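What TrEMBL records for this protein:
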type	residues	note
COMPBIAS	86-111	compositional bias 'Basic and acidic residues'
DOMAIN	4-79	domain 'Lipoyl-binding'
DOMAIN	116-153	domain 'Peripheral subunit-binding (PSBD)'
REGION	86-118	region 'Disordered'
Amino acid sequence: MESIYTFNLPDIGEGVVEGEVVQWLKKKGDTVGKDEPVVIVMTDKATVELPSPVAGSLDTLFCKEGDIAKVGKPLYSIATKEAIKEETASVPKEKSPKEPPRTIEKQEKARQSGKPAIPQVRKIAKDLHIDLDEIEGTGKEGRITMEDLSRTLKSSPQTLKKEPLPSFQDDTVEKVVGIPRLMAEKMATSKRVAPHFSYFEQIDATRLIQLKESFKKAAEKENIRITFMPFIIKAVSLALQNFPKANSTYDMDQGVLYIHKHHNIGIAISTPLGLIVPVLHDVQNMALETIIRSYDSLVTRAREKNLRAEEMKGSTITVSNFGGLEGSGRWATPVINYPEVAILAINRIQKAPMVKGDQVVVRDALNISWSFDHRVIDGNLAAAVSHYFATLIQNPAKLM
């Protein structure tokens with residue numbers, strides 16, 4: 001005779017009161033062996049596979065992937081022929097009056113804020129010393145989302161417990177307003193929300209220089225200043241076609257990744273007003289010659305403060321060019337233009353020794369530096385994106 005065994009989410013770690021159901025390894029009706037993993041659950045402390053204590057067939061899934069499960073509440077049930085001890089059965093054993101029942105609600109209050117929040121929100125709040133009890137959650141069942149946390153920080157900066165800043169009598173005090181203030185806020189949000197990691201690569205740019213020179217005369221006839229950036233932009237777009245996940249936006253609150261078909265490439269430009277990021281829209285539909293003309297027009301109008309409103313928004317990935325700066329170094333660790341998931345920094349082309357076959361030769365080397373959002377892009381994908389981009393730069397005929 002079969003019995004129904006109900007598996008409740010166990011206490012995975014000290015202080016953990018909930019976990020996100022990341023993946024079901026079995027579906028309803030599947031046979032499950034004893035100690036065989038059934039589900040993967042992620043908490044703010046660990047991601048774990050949870051095995052079944054009994055053998056049988058999976059009867060009921062109480063949560064969907066992406067749901068937040070509470071410690072002590074049912075995750076799944078199994079129809080089993082094994083004898084089930086009373087204390088683990090779906091019908092709980094009646095406790096002695098000497099042992100007052102311990103409810104999950106009481107445990108949650110004793111451990112931490114009783115307000116529900118996704119693990120990433122709890123981690124950021126802990127790092128910034130923010131009391132989640134002071135934030136009103138707008139998510140499902142009052143859950144505190146990343147949007148709630150960001151909104152609270154903007155509207156009530158006093159929520160963040162800050163140490164007093166050092167100041168001295170002879171300091172010069174400058175008000176930060178306009179574009180510099182907006183950029184400061186955006187960069188702070190990016191570093192706070194997106195876990196950055198960087199990837200570096202050195203590329204032989206000899207053929208790229210030759211291709212650029214071949215466009216020079218035609219560009220001069222149209223009064224266009226030819227630079228390396230249009231070639232870089234084209235190569236980025238082709239890389240995104242092969243690795244579309246690098247052209248995405250991650251909504252952590254909803255657990256959804258939006259992969260964009262439009263290659264709207266932001267170009268970081270230094271102007272007298274500060275750093276701005278105008279956007280070339282729909283680069284995936286542009287030939288190289290079109291990108292050359294569009295880029296020159298965009299940069300000229302940006303420096304003349306003559307951009308249209310739509311040219312300042314909607315970017316899906318950003319390129320920052322350090323090559324034209326005096327004293328440009330070899331590498332950088334650019335900050336992602338949030339909510340994008342990747343940014344590419346281009347450094348100045350410089351002579352460098354490279355190994356070609358068994359010989360060391362001097363080549364024109366282009367050093368590139370990527371930053372990626374590790375929530376979306378792992379090391380394997382980062383290396384693949386960078387390698388494909390490097391292949392295009394080394395063989396620029398593929399850009400035509």
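Here the Cβ of each residue, glycine as well, is placed from N, Cα and C on the backbone.
With helix defined as DSSP H, G or I and strand as E or B, the domain 'Peripheral subunit-binding (PSBD)' (116-153) counts 23 helix, 2 strand, 13 coil.
Helix first, then strand, then coil: DSSP counts for the domain 'Lipoyl-binding' (4-79) stand at 0 helix, 40 strand, 36 coil.
In the predicted model, residues of the domain 'Peripheral subunit-binding (PSBD)' (116-153) average a pLDDT of 78.
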